[in-house]
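Only one structure is covered here, and it is reproduced in the block below.
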């Protein structure tokens with residue numbers, strides 16, 4: 001009992017000591033708060049301090065444009081390779097020496113125009129020889145016919161046997177067959193002789209000369225004399241996703257869809273043509289299918305081997321709503337636009353950000369974009385024609401931000417680099 005009393009007394013004394021020291025602790029906390037206030041502002045950026053009155057946000061300067069409505073072409077885009085309709089490597093069909101070259105490199109030629117001459121003298125001699133052989137056999141046939149007539153007259157008078165007549169008839173038939181053979185040999189010789197003039201097989205343009213005058217060429221040589229390429233019309237082969245082609249009418253062959261091809265900058269129009277062919281099989285490795293389009297190439301802007309950017313119009317969307325591509329924004333929840341709205345009837349005025357009926361502000365609007373072309377994008381869902389969307393000045397905007405419509409919005413503020421202390 002005595003020990004309990006002693007312990008209780010000690011506890012009371014300790015508590016009294018803490019209470020005696022408490023004012024000093026309060027003074028220390030007050031001093032620390034004052035030190036912090038000396039360098040930490042009472043009002044941080046965007047967060048009002050104690051007792052501060054929150055001011056309305058200034059109107060952001062933005063550029064807007066109204067959504068348009070009209071016929072929007074639905075296109076398939078892809079890279080195509082220009083191919084000539086016909087490309088022929090002109091080679092010699094006989095053996096001989098080239099005595100003349102009759103074309104200029106890069107010359108436009110028509111089918112049948114002479115390109116080169118091969119020495120015709122050996123083949124001319126062979127043709128003459130075959131003609132002489134035919135004349136000889138014709139003379140033999142004429143003599144055999146006369147002998148046959150005599151034999152037939154003698155057999156009637158029993159001065160010749162029937163066997164002699166039959167033999168003479170067989171000899172006449174032999175000579176007639178020989179003459180037909182001679183005529184075939186003559187035709188072959190004349191054909192070979194005609195090959196001494198190397199002619200253009202198609203209408204097109206010659207390339208670089210590959211064999212010079214004076215060289216000996218042979219039938220079946222791998223090297224050509226020249227390559228002739230047809231440039232008008234010309235074709236372009238595109239490789240497109242089979243799924244996209246299947247959704248269009250191209251795979252049904254119902255229409256010859258118009259095609260426009262552009263240069264590498266995707267702005268320079270090279271030519272306009274039509275789809276002529278959709279391939280009959282899909283590449284299983286890539287899931288793509290080939291299309292061939294034909295172009296008149298009147299200005300010779302397409303050359304075999306070039307790569308071009310093609311846009312195939314597969315449909316036209318009536319009353320489609322489009323906006324500038326710069327108005328479309330991308331967020332975690334999908335695509336959206338800022339729509340300029342006001343509580344009154346008139347738009348905001350320059351420098352005020354307010355209309356006669358109320359303050360102009362923006363609202364976020366989720367949209368479903370379609371295809372983009374020519375700096376504009378088709379809006380499938382979420383926007384009506386005539387609604388104004390922000391095209392420039394997005395960096396300060398959020399849902400409900402007041403805005404002022406201007407032609408040239410204020411650019412985003414740039415951070416100044418921190419000053420480097422001299423070392």
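Note that Cβ sites are derived from N, Cα and C of the backbone, with glycine treated the same way.
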- request: Choose the correct range: of 362-392, 393-423, which one does TrEMBL annotate as region 'Disordered'? Give that range.
  value: 393-423
The domain 'Multidrug resistance protein MdtA-like alpha-helical hairpin' (127-196) - residue tally per DSSP class, helix then strand then coil: 63 helix, 0 strand, 7 coil
Message: For the domain 'Multidrug resistance protein MdtA-like beta-barrel' (233-315), how many residues does DSSP put in helix, in strand and in coil?
response: 9 helix, 41 strand, 33 coil
